[in-house]
There are 2 protein chains.
Amino acid sequence: MSQKPLILVTNDDGINAPGIRFLIDVMKEIGEVVVVAPDSPQSAMGHAITINSTLSLEKIKNTEVPEYACSGTPVDCVKIALAEVLDRRPDLCVSGINHGSNSSINVIYSGTMSAAVEAGIEGIPAVGFSLLDFSWNADFTHTRPYVKKIAEQILAQGIQKGVVLNVNLPKENIKGIKVCRQAKASWEESFDKRLSPHGKEYYWLSGQFVNHDVGEDTDVYALENNYVSIVPVQFDLTAYHAIQPITNWDLKDVD
Amino acid sequence: MSQKPLILVTNDDGINAPGIRFLIDVMKEIGEVVVVAPDSPQSAMGHAITINSTLSLEKIKNTEVPEYACSGTPVDCVKIALAEVLDRRPDLCVSGINHGSNSSINVIYSGTMSAAVEAGIEGIPAVGFSLLDFSWNADFTHTRPYVKKIAEQILAQGIQKGVVLNVNLPKENIKGIKVCRQAKASWEESFDKRLSPHGKEYYWLSGQFVNHDVGEDTDVYALENNYVSIVPVQFDLTAYHAIQPITNWDLKDVD
């Protein structure tokens, strides 16, 4: 009963990213921490897993808490942590702190959130944290009490089955915390077409985030007003409201 | 008005996979087809996108319909198709036919479905097709009338905004079509640990699919009973039912 909660820490920016170093430091105040994170940046990997190649897992030497670097994606890290590293089920999985926003539709591209979702699929309370600052030198200091509070509340209250939390943190001047829905938004892509020194065309994916949502109950709105946003995220992707309309389609007469 | 519908075809098994060759052949009966697909297998890539490296896009020579091979993920293929290849918005995006099931929780790991979801985010009616046969030499012939019917119905009926379709096809003896919800299931991972000739440990990710769901309205149930399953899938991941309970947490007193 006196055992401290076991907290699995992972991310998608790689085990050496300042965001995960900060998160490890906060989690050490709350529980027993084990880190299993990608050995290199894995941003925008979504829910990718490694099935056509092998994985390596290296224990890092001389660390304060046990740390393992894995060659795979964030989701691979959670899978291998649960199957090969941890000797008991973690009480919490925290992912991040991501360098850059994962609000709105970004949740779907995010390796940070996919790691949390994978833990959720395995029935482990899980949360992904992201800071609205893409810089490698981002300052995380001001987020400490919010990150700690939210992690403590998850441990105290539990999370409903099938749900994980997507937490985004303003860059500065935090006013409080709002529980929100995901804003309806998308990226307007543009591709930067270039010519290699060898005369071959290639592209850089680029784009602009466009919020189509005027609601005041969204994560984007909360963040614009300097609130930490918490969006409960589910991995049952069924659009239940769409089942009935499709049932009325002509799907019987197939030949 | 007499213009044929424009159909974007993509997949995650790569542009040379038998599944996409079959799908192209079916779609040619319905509309004007343009293919933009990965130049190599991209299975289990989830919603990954390429932001830290460049993309190539090669027009394949001497094909019946325009075909482009892209070095990126399935989601990259959809993005570059819309931004750089197509001269008008497609009326439909079809992805697949995947060699292997994408029912239940597999939807979340699936590059096939992520391509369809990406098109859906862009407001394009979209569907991913998967056959319950992992074999490269899988026989798709018996699925033709079902694939054609479903694509035609999407064009005729439209799909609600924010929804794309996840269609799985039995390996043989199809009895009909069911509109379903995603079964609650997960993978029980096991890692196959090996030693390289150089004495270094490495792992293969492996696992067993476990269906925790006894419902008769699920995709897994439909498929087990030889029905084609259609699950409407959404990309607003908000767990609306979980917002209120979390609002009652102690999130005010942060210091």
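Each Cβ is built from the backbone N, Cα and C atoms, and glycine gets one as well.
Given the structure is predicted, the values throughout are model-derived calculations rather than measurements.
With B:ASP12, B:ASP13, B:ASN98 listed by TrEMBL as binding divalent metal cation, the candidate from B:SER43, B:SER53, B:SER56, B:SER135 annotated for that site turns out to be B:SER43.
Cβ neighbour count for B:ASN98 (divalent metal cation binding site): 31 (other Cβ atoms within 10 Å of its Cβ, all protein chains included).
Counting only same-chain residues at least 6 apart in sequence, those with a Cβ under 8 Å from the Cβ of B:SER43 (divalent metal cation binding site) are B:ASP12, B:ASP13, B:GLY100, B:GLY111.
Same-chain neighbours of the divalent metal cation site beyond B:ASP12, B:ASP13, B:SER43, B:ASN98, judged by a C-beta within 8 angstroms of the site's C-beta center, are, in sequence order, B:ASN11, B:GLY14, B:ALA17, B:GLY19, B:PRO41, B:GLN42, B:ALA44, B:PRO74, B:GLY96, B:HIS99, B:GLY100, B:SER110, B:GLY111, B:THR112. Among the binding-site residues B:ASP12, B:ASP13, B:SER43, B:ASN98, the ones whose Cβ sits under 8 Å from a Cβ of chain A are, in sequence order, B:SER43.
Listed binding-site residues: B:ASP12, B:ASP13; maximum Cβ neighbour count within 10 Å falls on B:ASP12.
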